[in-house]
Structures are given as structure tokens and as C-alpha cells.
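Visitor: This is the structure I want to talk about, given as C-alpha cells.
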Amino acid sequence: MEMDQNKIQQPDCEKWVYDSSVDYKGRVPLRASTGAWKAALFIIATEFSERLSYFGLAVNLIIYLTKVLHQDLKTAAKGVNYWSGVTTMMPLLGGFLADAYVGRFSTVLASSIVYLLGLLLLTMSRVIPALKPCDDGICQEPRRIHEVLFFLALYLISIGTGGHKPALESFGADQFDDDHQEERKKRCPFSIGGVSGFVVDNVGWAAADIILTAVMASAVVIFCMGRPFYRFRKPMGSPVTPLLQVLVAAIAKRNLPYPSEPDQLYESSKSDKTQGTRLLVHTKKLKFLDKAAVIEDRQSSAEKQNPWRLATVTQVEEMKLIVNMIPIWLTTLPFGVCVAQSSTFFIKQSTTLNRKITQDFTIPPASIYALAAIGLVVFIAIYDRVLVPSLRRVTGNDRGIGILQRIGIGMIFSVLAMITAALVERKRLHVVEKDPLKSLVSMSVFWLAPQYLIIAIADSFTLVGLQEYFYDQVPDSMRSLGIAFYLSVIGASSFLSSFLITLVDHVTEKGGKSWFGKDLNSSRLDYFYSLLAAITGVNLFVYAFVARRYSYKNVRRTTVGVADCYEESGTETMA
């Protein structure tokens, strides 16, 4: 039934959703038939399919590069890091387009098609005889056409992920009304990398590609089937423009005196519900930017409406949020470098150890990543169900502890993971030195279990904390970009990891012998892990210094249950 919103005098906030979203016909959404878990189930199925494909590639890539394309250890590790870096930096562009111009649903759909095209090319490179690495048998040197098509497919998948990942996660969050107490739910992240690694190793590269392509194709169909149940938000234009307007206005009025009271700064009378933005509380930091909200004595009404000359307090505070995020982003990079090792050197280590469970069953190398995947799910459940309720009673914080505290705790575990990895690698090298022929039999792959489980604990604190931090702390108009900022930590860290490998290789080679040989037995990964532990340990003190001085986003939240959904007359809480 069509509803004329202008004729509604006292809207029923329990029946209709008034958070600037619309249904698939452009109407105010009916709460009972749209959004929440009715819509989220379609999105979760789509996310599952994309993550299955991504981790199926990511955890097996270093094995493929070394065994099939015959790259040496450091070249393969850098190749994986470059691909991971591009894949997790592309969401900055995808998130921007989704928020500003295209919309989240359209971005997910278009990027899924690009993603599917990449998987099809990847399948062709392993199925069509002329495009295979080589003819049947041992491949001494892969065909050039295979390498070109293989990397083209990989980076098409990167482009697809660039739009898919940030838009889908924020689109999922859009299905829950943030001002409705019953709908304000936490999302539960999951990981399936170990499962897809098992599939690839047991059915072969070509068959695995066919399976992953079919799964991704079905995901596109499932995502489209959920369209009648979704809540949509219209793109609001470039979220960067208001930030630039604040900067320009602040510079233009830099010589004006600061008002005696913050109340004298210009602010909109109420939140803009049509744009989904909320008023922010003024903070005392970065006062230079406050000049953008200073009203000039001789300023005409036309000038007051010029956004390049006068900004609201909320716009100024949004600019402050972005500026304050930069030190946090930078100080989490060393953690990301530690995490990058789990999909490169950790997996390569498993190929040199005894993976037999019984005489007839051997664990595939990439499947050892399942320890981290399962550990992550278990530790997140423990954290949410056990630690948070206990900590909440002690601290009075709804989250148990602050987001930045959670991130810092995970960083401590990342240091412990690198120390553990260094000790295990030293033990492995000692076994190789004593008896090179029996080293593959005498040392079990489960020696790697501690470092995988510790990195899983670190991820449950820091990676989940970063996702929550960037989504929660960005301006309301930049939610997709918030997910992209979180992913960019992993992307930039992957590039940084490649840079460190190149730098350490160059420096140690000059000293006599490089830490990175052609294979693991001629390398000294234990030294490299120890270096990462030292760098991350020192960075912890810098992070603690920055985090102690950070000011969280402060908004006035309106909860459903008021007489008028359009006015800021509900219960106000500080978030």
C-alpha cells in the first residue's frame, strides 16, 4: 500500500522505518516485512560465498606460486603480499563510490559480476589445455599465456572485492535500524579459509576453481532474490566534499578570534534525517578547525548558506574524527604485518613438516590455516558470551572494555605469536640440521598450532576491534568507507611486509647470507619473526600513547518509541 509520508501526522515508528532508508519500490519500509534477519540471511549467504572464494585463493596462493610457477620463497611471499595489498586497498575506491554515487546494492551486484568474471578466467587458465601451465606431467617452466591469464584473473578478483567487501558489510548493517532498540544488533564475523584450503588440496586446482565459480554464481542469484526484503539508502554524494569545505572555511577564517563559548559556533537545529546524519557533540581538540563554524559579524544570510564559508559544528567534528583516526591507523600497521605472515610463511612452513594423521590420510598444507579460522570463531564467542558480560559488570561499559583497549590487547598477542613462531622455526631448523633426510617425518605439523591459535586470539581482539572502530567512528555518511579503512590496514600492512622482506633481504645479503634463501631450509625465518616481534613490541608503546589521547565519537542518539519520528524529541543517549 502506498503511503504519503507528508500526510502522516503521528507516524507509527514500530510499524514503519524512519531512518532515511526506503524499500525496493522507493517507499518508507514496513518494519515487519523488510530488513533485520529476513534480509540479513541473503546477505550472509552472499558473504559466505565470497569469503569461500577469497580464502580458497589466499591460503593456497603461495603454494601455487612456488610449486606450479616455480617462484623462489621471497618472490612468492612478496607476490602474495602485493595481491593481498591491492585486494584490501581497493575497497577505499569501492566504498567511496558506494557511499557517494552508485549505492550499496548496485555496487555489490556490479562487483560480484566482476568477481565472477575473474573466477571464470582463473578456471579457464587451469582447464583449457592451451592455457594450462604446461602439458600433463611435471611442469618445469609454465607457459607465459598461463601466467598472464592467471594474474589477470587474480587482479580482476581484487577489483571485485574492492566493491563487494565494503558495500556488502555496510549494506548488511543498513538492514538494522540503529535507532530501534530491538534491531540494534552486533554482527558476528566468521572465517572459512581452512575449509576452502582443504577443498583445493583434495580435489585439485581446476576442480576447486569450478566449485568456487559455481558457488559465487549462485551467490549472485541469492543476493538478487533478497531484493524485496532489503532496505536501501540512496547515495548522498561525495563524503569528502564536506571535509574539504571545513578545511577551506577554517583556513579562510584563521585570523578570526575564537568565540568565548562553544555555543556561539554555528550548528544545524536538528539532525538531517533525510541524509541519515546525526548531530555530534563539540570537542575541545583541534580547535583550529572550529574556525570553520565561527559566524562572522558581517556575514550575510547568503554567505551563511555557503558551505565553503561556514560549516556546522557536526561537520567540523566529522573532520576531527578523520584526523584523529590517522595516528590509530598508522600504529596498527605493525600488527597487520604480523597477520600477513599467517597466509604466507606460516603456510609454507607446513609443507616441510609431517602432515600425516594416519597411514592413509595427510593434511593438505593450506588446511592448517583452519586452526586460525576455528580459533577465531571460538575466541570471538568466548569474548562476546563470557568476557564482555563479566567486564561490563566491572567497568560499566556496554562493550566490556573500550574499542581501543581491545585493539591493544590483540597487539600484545601478536607479539607473542611472532615469538612463538620464531621458537618453532628455530626448532625446525635444528631438526633439519641434525638429519635433513628425516626432518619431514620427525617433526609434526601441529608444532605450528600454537602460533596459529595465538594469532587467532590476536585477530579476535584487534581485527574485530578495528572493524568495529572504523565502522563506528567514521561520519555517518562514510559507513562503507569505514569498512574500507579497516581493510586498508591489512592492505597497507601487506605492502609493508613486502617492503620489509626486500629491505631485510638486501641488508642481510650484504652481511654475508640473506635471511631469505630459495627455500625454507636455507632461510632464517626465525630471525625475521623475532624482528617483527621487536618492531610490534616497540610500536605498542606508541599506540598506547596515541590511544590514551583519543576522543571517541559523541552523538545524540534518538530511540524509537516517541510520538514524532522526525523530531529529536526521543531519549537522548551518548554513544
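Glycine too: its Cβ is placed from the backbone N, Cα and C atoms.
Relevant sequence annotations retrieved from TrEMBL are reproduced here:
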- 82-102: transmembrane segment (TRANSMEM)
- 108-128: transmembrane segment (TRANSMEM)
- 148-164: transmembrane segment (TRANSMEM)
- 203-226: transmembrane segment (TRANSMEM)
- 328-346: transmembrane segment (TRANSMEM)
- 366-383: transmembrane segment (TRANSMEM)
- 403-424: transmembrane segment (TRANSMEM)
- 444-471: transmembrane segment (TRANSMEM)
- 483-507: transmembrane segment (TRANSMEM)
- 527-547: transmembrane segment (TRANSMEM)
Visitor: Considering pairs 6 or more residues apart, do the transmembrane segment (203-226) and the transmembrane segment (483-507) have at least three CB pairs under 8 Å?
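Guide: Output no: the transmembrane segment (203-226) is apart from the transmembrane segment (483-507).
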Visitor: Excluding the flanking five residues on each side, which residues at least 6 beyond the ends of the transmembrane segment (444-471) place their CB within less than 8 Å of a CB in that stretch?
Guide: 169-170, 173, 189, 325, 328, 332, 335, 338-339, 342, 346, 349-350, 353-355, 363, 368-369, 371-376, 378-380, 383, 403-404, 406-407, 409-411, 413-414, 416-417, 420-421, 424, 427-428, 479, 482-483, 485-486, 489
Visitor: By Cβ distance under 8 Å, which residues at least 6 away from the ends of the transmembrane segment (483-507) in the same chain are close to it?
Guide: 74, 77-78, 81-82, 84-92, 94-96, 165-166, 169-170, 325, 329, 332-337, 339-341, 344, 466-467, 469-471, 474, 514-516, 528, 531-532
Visitor: Excluding the flanking five residues on each side, which residues at least 6 beyond the ends of the transmembrane segment (403-424) place their CB within less than 8 Å of a CB in that stretch?
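Guide: For the transmembrane segment (403-424), the far contacts come to 328, 332, 334-335, 338-339, 341, 346, 349, 447-448, 450-451, 454-455, 457-466, 468-469, 472, 525-527, 529-530, 532-533, 536-537, 539-540, 543-544, 547, 550, 552.
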Visitor: Check for me, if you would, whether the transmembrane segment (148-164) reaches the transmembrane segment (82-102) - at least 3 Cβ pairs under 8 Å, residues 6 or more apart in sequence.
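Guide: Between the transmembrane segment (82-102) and the transmembrane segment (148-164), which are separate recorded stretches, there is contact, as judged by 3 or more close Cβ pairs.
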Visitor: Counting only residues 6 or more past its boundaries, what in the same chain has a CB within less than 8 Å of a CB in the transmembrane segment (82-102)?
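Guide: Non-local partners: 54, 58, 61, 110-111, 154-155, 157-159, 161-167, 170, 235-240, 340, 343, 477-485, 487-488, 490-495, 498.
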